[in-house]
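If you check TrEMBL, you get these features:
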{"type": "TRANSMEM", "residues": "B:7-25", "note": "transmembrane segment"}
{"type": "TRANSMEM", "residues": "B:31-53", "note": "transmembrane segment"}
{"type": "TRANSMEM", "residues": "B:60-79", "note": "transmembrane segment"}
{"type": "TRANSMEM", "residues": "B:99-118", "note": "transmembrane segment"}
{"type": "TRANSMEM", "residues": "B:125-148", "note": "transmembrane segment"}
{"type": "TRANSMEM", "residues": "B:171-191", "note": "transmembrane segment"}
{"type": "TRANSMEM", "residues": "B:222-240", "note": "transmembrane segment"}
{"type": "TRANSMEM", "residues": "B:260-284", "note": "transmembrane segment"}
{"type": "TRANSMEM", "residues": "B:296-319", "note": "transmembrane segment"}
Amino acid sequence: MTIALAIEQLLNGLQLGVMLFLMAAGLTLIFGVMGLINLAHGSLYMVGAFACATIAAWTGSFWLGLVASLAAAAAAGAIIELTVIRRLYDRDHLDQVLATFALILIFSEGTRWIFGSFPLYLDIPPLLQGAVALPGGAEYPLYRLAIIAVGAAVAIGLYLLISKTRLGMRIRAGESDREMIGALGVDIRTLYTIVFALGSALAGFAGAMVGALQSVQVGMGEPVLILAFVVIVIGGIGSIKGALIGAILVGVVDTLGRFLLPQILAILLPPAQAGLMGGALASMLIYIVMAVILAVKPRGLFTAHG
Amino acid sequence: MTLSRETLINLILIVLLAAVPFVALGIGQPFYITLATRIAILALAAVGLNLVLGLGGLVSFGHAAFFGIGGYVAGILAAHASSGEALMFGLAGSDQMPVIWLVTLIVCGIVGLAIGAVSLRTSGVYFIMITLAFSQMIYYFAVSWPAYGGEDGLSILVRNRFPGVNSMKPISYFLICLGMLIAGLGLFSLIRASRFGAALQAARQNAVRVAAVGISPYPIRLAAFTLSGMITGVAGALYADLNRFASPSMISWHMSGELIVLIVLGGTGRLFGPVAGAMLYVVFEFALGGLTERWQFFLGLILLAVVLFARGGLLGLLAGKARHG
């Protein structure tokens, strides 16, 4: 194992973590402010990816596609908030799970209806093609580095939005006392729609960015959604800081686990068996990490409320 | 003894389900027997979940784990029985359903105890997500562990045997499944009427008060969770035998979602809610699937409408509000 390989894996882990953060930030914000558990968040990720792939194929510009992904996911989010989600805020979690599960069925099958069952492909924009030399002699794709940078920028932007702006102030107030800010004359219904659309846009954006690395297909959001759940559970539901740290932790642990576990087991076991065991264990690793963290801290690392 | 409206409807439902295969044979459409068997098995799986979800108010989004484990126990034991290779610790495989069910009960009990012990330390949304995460963990294990088929799943070459019955005959197998469903329903109603069931329901309504009268909710919930996983596991073993196939898709989170959907469609916390829900679901699937390839789209719309506008499910509609809130 060389240093270069280790750095490459670490960067891959960071890149996964950053993407998970974009998903988890929206989920945790929506839960923190509205108390809603949204299974359909993965569908908004898919909507973003499909919008980007369609517009990019149509206009030839990845950048326009990226804008389209933000717009389409935010619009889809606002529409479902106004029609469905709004009715779920004062329902119990069971109803929320079911209704958003129903939304997944509708979104997935609807997308398959419009776009067919074949995956779409999205090219990396020419500006970000190519690779960067890493210390140790290896090369690393520029696009993945760009994803990490964008994710970091979004994290900073979100922090500024929430801690420095009037909208952020209202979001924080909404988290701590819903009735009170309503009584103070803030239009809480519009605030909810904005928060939901913001979370959706982040998910759609993540979908578009990842769409250029993988294929764009129905169901692409579901594995990411479940990882994002793990992230916010580890981080503490409602906490953006927790989401960031949880996302990086999950991204790095998952990637390094897949890379290192087979090698570590190879010291103890014959190679073929070590590969199998390592692979199986690595795919379970983040869930084991989550179970351990929750066994110690049942409400996650950073609890938002009390 | 006078029958309440709900009891009457329950009786009608079970008689209806039991009658379907005989009518199917009569009109020469044996395919409907498989459909009825599917209903009985899914209903049994949901009866298990109903114990924690309906009585305990704990939304487990990971019961597919038990369903899948049951399926794999059936598949793995059958594979070893047919190859003659010993399982771990020199134990032999088996193609006898009672043995398979017993092993399923033991394995699901142990797994349920472990998952429950960690998950029940949390509540609310955390509980939903943790049970989901645990079932995903088992899902990925099944996908990445190649010894028993990995992603491709595990075929059961010949349906496992039940002493004294030819389980290969669809109608016999249906009757086995129906018998298990009735046993599951009986167990559920016994539990609901017991002191344990009362404590479980009380813990749902007000955990603090239950603790104040000297009953700790945690062990009660843990026992319920474990039992519930065991029941759902047996349904999984039956399901694998029905399809002669155990696959990772039995453990996927869609399966967990479907089980919840069954309960809510039928009526949460009611004895026959899972039966009514499974009947509705399978009939929807069959009828819509015959009309359009996009049946899941319409299923989503119907489900959304039920959640938003028709709380209480089918039994709520037919039999009125449940007596206990």
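Backbone N, Cα and C define each Cβ position, glycine as well.
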For the transmembrane segment (B:125-148), give me same-chain residues lying six or more residues beyond its boundaries with a C-beta closer than 8 angstroms to one of its C-beta atoms, as numbers and ranges.
58-65, 68-69, 72, 75-76, 79, 111, 115, 118-119, 154, 248, 251-253, 256
The transmembrane segment (B:99-118) vs the transmembrane segment (B:260-284): 3 or more CB pairs under 8 Å:
no
With pairs restricted to those 6 or more apart in sequence, evaluate whether the transmembrane segment (B:260-284) and the transmembrane segment (B:296-319) have 3+ C-beta pairs under 8 Å.
yes
Considering only the recorded stretches B:7-25, B:60-79, B:171-191, B:222-240, state which has the highest number of Cβ pairs under 8 Å to the transmembrane segment (B:31-53).
B:222-240
Could you pull out which residues elsewhere in the chain have a CB under 8 Å from any CB of the transmembrane segment (B:171-191), counting only those six or more residues past its ends?
14, 17-18, 21-22, 25, 33, 36-37, 40-41, 43-44, 47-48, 50-51, 55, 97, 159, 162, 165, 197, 200, 224, 227, 231, 234-235, 238, 241-242, 271-272, 275
